[in-house]
Amino acid sequence: MASLNENQKFWARVTELAQQSIGKQAYDFFIEPAQLMSVEQDTANILLDSGMKKDYWKKQSDLITTAGFEVFGRMIDYELYANDELTELELHRLNNQSSIEEQPRSTAKPASPLVSGLNEKYNFENFVQGPGNRWTLAAAIAVADKPGDTYNPLFIYGGAGLGKTHLMHAIGNQILTDNPTARIKYVSSENFVNDYVNATRKNQMENFENTYRNLDLLLLDDVQFFSDKEGTKNEFFNTFNALYDKGSQIVLTSDRIPQELNNLEDRLVSRFSWGLTTDITAPDYETRMAILLIKSESSRLEFPSETLSYIAGQIDSNVRELEGALNRVEFVARANGIAVVDIETASQALRSLKNATQQSLSNLTIKKIQDEVANYYHISFSDLVGPKRPKEIAFPRQIAMYLVRELLGTSLPAIGTAFGGRDHTTVMYAYKQISDKMKNDMDVQKDIDSIKRKF
């Protein structure tokens with residue numbers, strides 16, 4: 001095994017060569033997050049933050065070869081690992097055999113005795129607050145302040161890309177800052193299952209239980225993907241009970257409320273509801289603008305407010321797609337040598353995204369929207385389009401009219417015809433009612449978002 005000093009020199013040379021040969025954005029995205037875990041038997045073990053980056057790294061053999069000959073005087077091969085592909089046991093093994101120390105960073109947190117999987121870049125300070133996440137953010141801060149005491153478990157639900165995972169990491173990072181010896185683990189439900197299956201296959205259940213049942217904080221992401229296998233569910237049930245009984249904090253996320261998790265048993269679902277269940281909805285216009293302003297500040301390009309306003313008006317689904325849209329606009333601007341990004345450039349960059357959205361809705365019909373709304377509110381199709389006017393029917397009818405107008409752009413008279421021959425002024429009133437509610441009524445925002453996701 002190479003000495004610690006040699007390993008540090010080797011990795012420093014790899015990164016130096018990379019900085020000299022590739023652009024800053026590529027370096028920051030592909031190279032900077034990578035870690036050298038060890039050099040064993042002429043093989044460098046490199047840990048990436050995502051398996052999606054392996055293809056890029058496979059093309060960087062010249063970096064490894066050159067640095068290997070310069071530092072070790074011999075040929076060095078390399079093996080790639082990825083955080084999102086490794087089981088906890090494998091990652092723990094890699095860390096234990098690691099022979100290179102982390103370089104000190106001003107923002108680094110003291111290491112936890114257990115590999116936590118936390119991402120340092122997610123904290124409460126850089127989480128943008130808005131009407132759709134205000135109460136969930138408050139709950140997350142309360143949990144981080146008094147883990148195991150305030151809301152346990154904390155169950156956060158909402159659509160993809162709205163910030164659920166960000167808040168999970170923020171909770172973990174805050175607790176780790178306050179208590180550097182805290183035993184914290186962030187894991188997806190899929191990786192929990194993988195850890196359990198591997199532990200069972202390798203007869204290492206004692207290690208698995210020690211890993212999970214002695215935590216101070218368990219952050220379990222995307223529980224809707226939990227396996228329906230009996231053994232896995234039993235193990236998680238026992239893990240949940242063990243942690244809860246000893247006062248450890250549990251935070252869970254899902255794309256739906258606990259009662260809609262059909263792959264889980266009632267006994268688990270009921271436990272998810274013991275603490276606080278809270279949701280995150282799509283960001284409103286002001287929140288989207290705030291997110292874009294913050295993100296654009298780190299760009300070398302200038303984004304006038306009217307350009308950011310245009311982008312915010314085009315992307316209203318979730319934060320992830322909003323950030324992706326900004327990145328795409330920046331890429332197009334750089335490719336065309338544009339320093340001050342105008343609306344025309346943004347429109348050009350986002351044209352293909354809008355076309356893709358339109359294509360995904362090309363098979364959507366008025367009838368499909370009506371059926372989905374009727375199903376969502378548990379009323380019949382005939383009541384939805386019929387003459388009945390009680391609130392529990394009139395409100396879903398207004399929602400359906402709003403969605404038809406919003407998603408399909410159907411004319412007001414045509415919508416009226418599809419809803420039992422109603423006058424176009426009735427449709428106009430319904431559309432205005434729901435449009436007004438969408439500005440400040442979180443329940444309506446949540447309903448619209450949930451129904452849209454069905455499409």
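Each Cβ is built from the backbone N, Cα and C atoms, and glycine gets one as well.
From a predicted model like this one, the values you see are computed outputs, not experimental measurements.
Under DSSP, residues within the region 'Domain I, interacts with DnaA modulators' (1-77) fall into helix, strand and coil as 45 helix, 13 strand, 19 coil. If you look up Swiss-Prot, you'll see 1-77 marked as region 'Domain I, interacts with DnaA modulators', on the strength of sequence analysis.
Per Swiss-Prot, the feature region 'Domain II' maps to 77-116.
Annotation comment: Swiss-Prot describes 117-333 as region 'Domain III, AAA+ region', evidence class sequence analysis. On the 0 to 100 pLDDT scale, the region 'Domain III, AAA+ region' (117-333) averages 88 in the predicted structure.
According to its DSSP assignment, GLY163 (ATP binding site) is coil. Taking Cβ-Cβ distances under 8 Å and a sequence separation of 6 or more, the neighbours of GLY163 (ATP binding site) in its chain are PHE127, ASN133, ILE280, VAL319. Taken from Swiss-Prot, the feature ATP binding site covers GLY161, GLY163, LYS164, THR165.
Per Swiss-Prot, region 'Domain IV, binds dsDNA' is recorded for 334-455.
Neighbouring residues of the recorded ATP site, listed in sequence order and excluding GLY161, GLY163, LYS164, THR165, comprise GLY158, ALA160, LEU162, HIS166, LEU167, THR253, ILE280, ASN318, VAL319, ARG320 (Cβ within 8 Å of the Cβ centroid).
Within the set of binding-site residues (LYS164, THR165), the lowest number of other Cβ atoms found within 10 Å of a Cβ is recorded at THR165. Taking a C-beta cut-off of under 8 Å and a sequence gap of six or more, GLY161 (ATP binding site) has these contacts in its own chain: SER317, ASN318, VAL319, ARG320, GLU321.
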